[in-house]
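**Student:** The following block contains the structure, expressed as structure tokens.
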Amino acid sequence: MASRAPLELLPLNRSQLSPPNATTCDDAPEAWDLLHRVLPSVIIIICVCGLLGNLLVLAVLLRPRRRLNVAEMYLANLAASDLVFVLGLPFWAANISNQFRWPFGGLLCRLVNGVIKANLFISIFLVVAISRDRYRALVHPMATRRRRQARATCVLIWVAGSLLSVPTFLFRSIEAVPELNNDSACVLLHPPGAWHVARMVELNVLGFLLPLAAIVFFNCHILASLRGRPEVRGARCGGPPDGRTTALILTFVAAFLVCWTPYHFFAFLEFLTQVQVVRGCFWENFKDLGLQYASFFAFINSCLNPVIYVFVGRLFRTRVWDLFKQCAPRRPPAVSWSHRKRVLQLFWQN
């Protein structure tokens, strides 16, 4: 059975297009019809919220005459990554609304999916860097945290994410898919061989399991070091800035893991079906639909971070208000009644 998911997070490769002697499965038409009708609108809402929210975060963090600290530097890069990511979502929404028939040509097929794939790696690598920075600040407070090192780390993360998305740029193309009545779809045409294993190692191991191990290590040590500290209990009600920053970072990490873990579970399940460790129509349908819905659940993370800023970051709310006052048109100074009276007297005297 061919996959119904031709975009990058949900790849379709050459061996899946027309499998010989494949068993025909009932592919849950009601569930797919619901997906085609509902999810494009949901994606557009996510795109608009993510665009406005991340622009607000960048506007606050990158205000003129203000130097970013190390944590803010990582958070600004995370907002920039999410912003680039949501710019590609309208193409995805149109593709799903069109029942996976790609109408935008080969260049955008590669570009949109490459950006999505790069963001997957850049986001989780930045979460690792953010967790490591909090770990050094709280567990090893005497260690130096230099802005130059943070800038170099951010550049390295963007380069690494871009390099890991190179296979997407190389192997994405427009292909006539029999399961779509030979209409054109944006598919991932992997070369023959052990590519399934290579992709699983890249996506699930480099893109999730290894970063997850680092995130768990850093945050477990952070929680252990904060246990019993009064600033943790006061972090949400005016406690010391260090405690509030830690609460913000931990909320970011928790939201990221909650949003992205289901996708990686279904991506690994797809690998098991591709190598035929897991077989049967139930698992095919479960995997295909699960990948779609888990992907959109992961999309929510790109517009969730600004919400976390507003509700958890008290200092961020203060800076938003300062930015609003700076940008809002200034009202003319109020004129006292005595001044008005003098003006009227001069007017009538003349």
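Cβ atoms are placed via backbone N, Cα and C, with glycine included.
Sharing the feature lines straight out of Swiss-Prot:
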DISULFID  CYS109-CYS186  disulfide bond
CARBOHYD  ASN13  N-linked glycosylation site
CARBOHYD  ASN21  N-linked glycosylation site
CARBOHYD  ASN95  N-linked glycosylation site
CARBOHYD  ASN182  N-linked glycosylation site
TOPO_DOM  63-72  topological domain 'Cytoplasmic'
TOPO_DOM  132-150  topological domain 'Cytoplasmic'
TOPO_DOM  226-248  topological domain 'Cytoplasmic'
TOPO_DOM  314-350  topological domain 'Cytoplasmic'
TRANSMEM  42-62  transmembrane segment
TRANSMEM  73-93  transmembrane segment
TRANSMEM  111-131  transmembrane segment
TRANSMEM  151-171  transmembrane segment
TRANSMEM  205-225  transmembrane segment
TRANSMEM  249-269  transmembrane segment
TRANSMEM  293-313  transmembrane segment
**Student:** Which of the three DSSP states, helix, strand or coil, fits CYS109 (disulfide bond)?
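**Tutor:** It is helical.
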**Student:** Take every residue in the topological domain 'Cytoplasmic' (63-72), average their pLDDT values, and give the whole-number result.
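**Tutor:** Looking only at the topological domain 'Cytoplasmic' (63-72), pLDDT averages out to 80.
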**Student:** CYS109 (disulfide bond) has how many other Cβ neighbours within 10 Å of its own Cβ?
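**Tutor:** A count of 27.
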**Student:** Rounded to the nearest angstrom, how far is the Cα of ASN95 (N-linked glycosylation site) from the Cα of CYS109 (disulfide bond)?
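**Tutor:** One finds 10 Å between the Cα atoms of these residues.
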**Student:** What's the CA to CA span in angstrom from ASN95 (N-linked glycosylation site) over to CYS186 (disulfide bond)?
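**Tutor:** Cα of ASN95 (N-linked glycosylation site) to Cα of CYS186 (disulfide bond) measures 9 Å after rounding.
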**Student:** I need to check the long-range neighbours of the transmembrane segment (42-62): which residues 6 or more away from its ends have a CB within less than 8 Å of a CB in the stretch?
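**Tutor:** Same-chain contacts beyond the flanks: 68, 72, 75-76, 79-80, 82-83, 85-87, 89-90, 92-93, 96, 296, 299-300, 302-303, 305-307, 309, 316, 319-320, 323.
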**Student:** At least three Cβ pairs under 8 Å linking the transmembrane segment (205-225) and the transmembrane segment (73-93), pairs spaced 6 or more in sequence?
**Tutor:** no
**Student:** Counting Cβ pairs under 8 Å to the transmembrane segment (293-313), which of 73-93, 111-131, 151-171 comes out on top?
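**Tutor:** Against the transmembrane segment (293-313), the leading stretch is 73-93.
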**Student:** Report, as numbers and ranges, every residue of the chain located at least six residues beyond the transmembrane segment (73-93) whose Cβ falls under 8 Å of a Cβ in that stretch; write 'none' if there are none.
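**Tutor:** Distant Cβ neighbours of the transmembrane segment (73-93) are 7, 39-41, 43-44, 46-47, 50-51, 54-55, 57-58, 61-62, 104, 108, 112, 115-116, 119, 122-123, 126-127, 129-130, 133, 147, 150-151, 153-154, 157-158, 252, 299, 301-303, 305-306.
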**Student:** For each of ASN95, CYS186, count the other CB atoms within 10 A of its CB; which of these recorded positions has the top count?
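**Tutor:** The residue with the most neighbouring Cβ atoms within 10 Å is CYS186.
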**Student:** Where does CYS186 (disulfide bond) sit in DSSP terms: helix, strand, or coil?
**Tutor:** strand
